[in-house]
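As given in TrEMBL:
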type     : residues : note
COMPBIAS : 530-539  : compositional bias 'Polar residues'
DOMAIN   : 23-504   : domain 'Major facilitator superfamily (MFS) profile'
REGION   : 510-539  : region 'Disordered'
TRANSMEM : 57-76    : transmembrane segment
TRANSMEM : 88-114   : transmembrane segment
TRANSMEM : 120-139  : transmembrane segment
TRANSMEM : 176-196  : transmembrane segment
TRANSMEM : 208-229  : transmembrane segment
TRANSMEM : 235-256  : transmembrane segment
TRANSMEM : 276-296  : transmembrane segment
TRANSMEM : 316-335  : transmembrane segment
TRANSMEM : 342-361  : transmembrane segment
TRANSMEM : 367-390  : transmembrane segment
TRANSMEM : 410-429  : transmembrane segment
TRANSMEM : 473-499  : transmembrane segment
Amino acid sequence: MSTPAPLSAPRDTAEAKPRIGWIFTSLMLVMLLASLDQTIVGTALPTIVGELDGLEHMSWTITAYTLALTIAMPVYGKLGDLVGRKNLFLVAIALFLLGSALCGLSQDMLWLILSRGVQGLGGAGLMIMSQTIIADVVPAKDRAKYMAPIGAVFGVSSVAGPLLGGWLTDSAHWRWVFWINLPLGIVALVVAAVTIKLPQRKNTAKIDYAGMVLLALAITGLVLVTSWGGSQYDWTSATILGLAAGTLVAAVAFVLVERAVPEPILPMRLFRNRTFVVTTLLGLVVGAGMMGALAYLPTYLQMSYGVDATGSGLLLIPMVVALLVTSIGSGAVVTRTGRYKFLPVVGTLVAAGGMYAMSTMTLDTPLWQLCLYVAVLGAGLGLFMQIIVLAVQNAVDPREIGTATSANNLFREFGVTIGIAVLGTLFSSRLTERLGGALGGDVAAGGHGGASSLTPAALEQLPPQVADLVVNAYATALVPMFAWMVPMFLLGTVIAFFLPEIPLSSTTALSEGEAEAAGGQHGEVPAQGSPATPTTVAE
């Protein structure tokens with residue numbers, strides 16, 4: 001005999017706690033891998049583009065990863081809600097490892113950029129599945145203490161990535177920046193396969209393939225417009241205008257399709273949820289401001305301050321320490337009080353102050369002062385980065401947690417992609433213009449042996465007068481753009497004021513029967529979009 005079971009947290013038994021602990025450990029490991037690869041390339045980038053002769057394509061080394069990540073996130077989120085998360089999670093890890101291997105084998109910039117795209121397709125699954133599997137087994141009222149360390153992982157990767165990338169570039173070869181993922185990823189794959197036991201979902205809903213394609217076209221088109229406009233093509237050129245028109249058509253078609261299909265990849269009804277709208281806008285503007293600046297900071301430190309790749313990573317340690325402290329502290333506060341609205345408000349203000357301080361740097365700014373500035377930025381980010389994910393998961397139907405979480409991450413990563421693309425385009429354009437005056441006209445044209453092949457090691461071989469001009473060119477090309485990121489954080493502060501504060505739920509995204517399966521037994525349950533059959537627990 002069987003009876004319907006209400007939504008409930010996993011039973012608090014001596015057996016369930018170790019299971020959640022192992023699940024959490026495996027999720028932390030793969031989240032670290034995915035987040036590392038958004039930052040590990042930064043310190044190796046000057047050497048990579050110099051060796052592969054590709055300064056003009058520098059920003060795409062980072063943009064390709066984040067673009068693929070952005071496109072794939074909603075796909076993983078929706079499919080996880082429909083068919084279950086574990087198998088998707090394992091596929092994502094395998095795809096990420098394949099991309100890492102291909103990146104390390106790259107012989108030119110096109111090969112590297114395409115391989116970074118494969119990495120991003122896998123990384124999307126690692127990030128979304130990690131956040132939603134936690135929601136499957138931990139109730140919202142307790143979830144902050146688990147999500148805070150996950151937020152801290154992003155902080156650790158923001159410094160460990162540049163540091164590890166710099167150390168591998170200096171002591172081994174830049175290819176190991178990608179190959180280091182292989183042993184760690186294999187461990188993550190085994191741990192996840194053994195410890196994560198979630199039920200398969202019975203899916204009879206039709207998958208929204210049209211929405212997937214249209215969303216990919218719209219995102220890709222917008223990134224190409226922002227990357228190429230004003231640099232490779234004039235803003236009024238036929239190429240840019242054509243891309244902009246195609247992007248608009250794809251976006252409108254996507255909205256129309258999503259309103260018509262029974263199981264949309266991005267349900268338009270989510271935009272009637274105030275918490276979802278506020279957290280989505282907040283993630284978008286903060287993502288653009290944060291990664292748009294941090295992605296190129298290691299390059300500035302190497303070329304303007306003369307530190308090596310490892311040193312540029314070490315200089316960011318104060319940021320991750322501050323982020324760790326505030327992230328874990330904010331999680332503890334939310335778990336104890338259930339209050340979370342004030343954290344994004346305070347956090348965005350603090351981060352804006354840190355970014356403004358960074359915009360005042362000159363070649364005479366002492367390194368300890370630079371460390372202080374990035375620490376302030378890190379402290380602000382740690383206060384709210386994972387809190388906004390918790391807020392949106394707490395505000396939606398448990399059956400749509402995967403879809404809502406991925407949609408929220410989609411817009412944050414979309415902001416990251418646009419921020420990196422726009423700032424990278426402006427930085428490359430400003431830098432090439434300044435280097436053209438210092439090293440000759442061939443540099444401005446991107447000629448071989450000019451700016452596109454300039455590495456930190458090559459800088460040391462230049463005559464002192466020319467080297468000084470190059471150092472000044474890097475400083476004046478990048479630092480003023482940090483000030484452009486300050487309004488993004490201040491806009492985030494305004495948005496955060498409108499965040500509703502809903503009491504945190506005491507249930508998980510799983511029913512009682514599914515929660516038992518997550519604790520060690522597989523089961524089969526209906527997914528959203530399937531016939532409305534009640535979840536049952538055998539007596």
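In case you wondered, yes, glycine gets a Cβ from its N, Cα and C as well.
Remember, TrEMBL labels are computer predictions, not curated facts.
When the stretches 57-76, 176-196, 235-256, 316-335, 410-429 are ranked by Cβ pairs under 8 Å to the transmembrane segment (88-114), first place goes to 176-196.
By the Cβ criterion (under 8 Å, sequence separation of 6 or more), the transmembrane segment (276-296) is in contact with the transmembrane segment (473-499), since 3+ such pairs are found.
Two recorded stretches are said to be in contact when at least 3 C-beta pairs lie under 8 angstroms, sequence spacing 6 or more; the transmembrane segment (473-499) and the transmembrane segment (342-361) meet this definition. Counting only same-chain residues 6+ beyond the ends of the transmembrane segment (176-196), those with a CB under 8 A from a CB of the stretch are 19, 22-23, 25-27, 29-30, 33, 36-37, 40-41, 44, 86, 89-90, 93-94, 96-97, 100-101, 103-104, 115, 119, 133, 164-165, 168-169.
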